[in-house]
């Protein structure tokens, strides 16, 4: 009993240490975070209010106690940015989808506003999207409109919490948005992401040709097999026909000839005639 109680005590102590390490100060992050406050001016711009606020890190409302997330403090792109993707300096290409992930336990709201901001002094926003905080990640498609007819744009992926009339903005990773890539770079990235490119036409044509050759060989074999059977049957018919055979002995050939009389039958008799010539020609006339 003492051994069991001791094991239970050690297990509970280990459990408390692990949970305390994860949830205390969001695993190494400061309890207070100073950030700029932004106010919505229009649908396309943000104007800064030169002041700061302190934000206490809290857990998300309504999350189950056994919730599991892939984005944890040990995977943050920076210790002060509770996001795991994308990484700083990643390159995005228009028209493709990319993962954006964050730590839901860091924020104290049910919903977040994701903002794609241009990295310049204009304060122009490329896009905004409302997301559910508890999901922890979304797939974001790089829109060609974000480029504003340029080949490249530097943008940041920011997360915003809304409180009353103000927005608390957490500046996220910086990425390079590209219009397109050269063929060599695009092929290398596609191979790294999707695997080696396969020639679909060759993958279809080569097996088709091989199957066609096999089919022709089978048809030819079947034809030759039937022809050989017919030829052998003809040979057997010829061998079984009457007459001289190539493998019949002389004795067998002689036995197959019609029977010839070697002596006169008992009922045979001669006719007498005074004409000697006639007699000579009719010596053995049978009745």
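Cβ coordinates are placed from backbone N, Cα and C, and glycine is handled just like the others.
Feature list (source: Swiss-Prot):
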SIGNAL    1-20  signal peptide
TOPO_DOM  22-201  topological domain 'Extracellular'
CARBOHYD  120  N-linked glycosylation site
CARBOHYD  154  N-linked glycosylation site
CARBOHYD  166  N-linked glycosylation site
TRANSMEM  202-222  transmembrane segment
TOPO_DOM  223-287  topological domain 'Cytoplasmic'
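Sequence-distant neighbours of residue 154 (N-linked glycosylation site) (same chain, 6+ residues apart, CB-CB distance under 8 A): 118, 119, 120, 174, 175, 176, 177. The DSSP secondary structure for residue 154 (N-linked glycosylation site) is strand.
Within 10 Å of the C-beta of residue 120 (N-linked glycosylation site) there are 10 other C-beta atoms, taking all protein chains into account.
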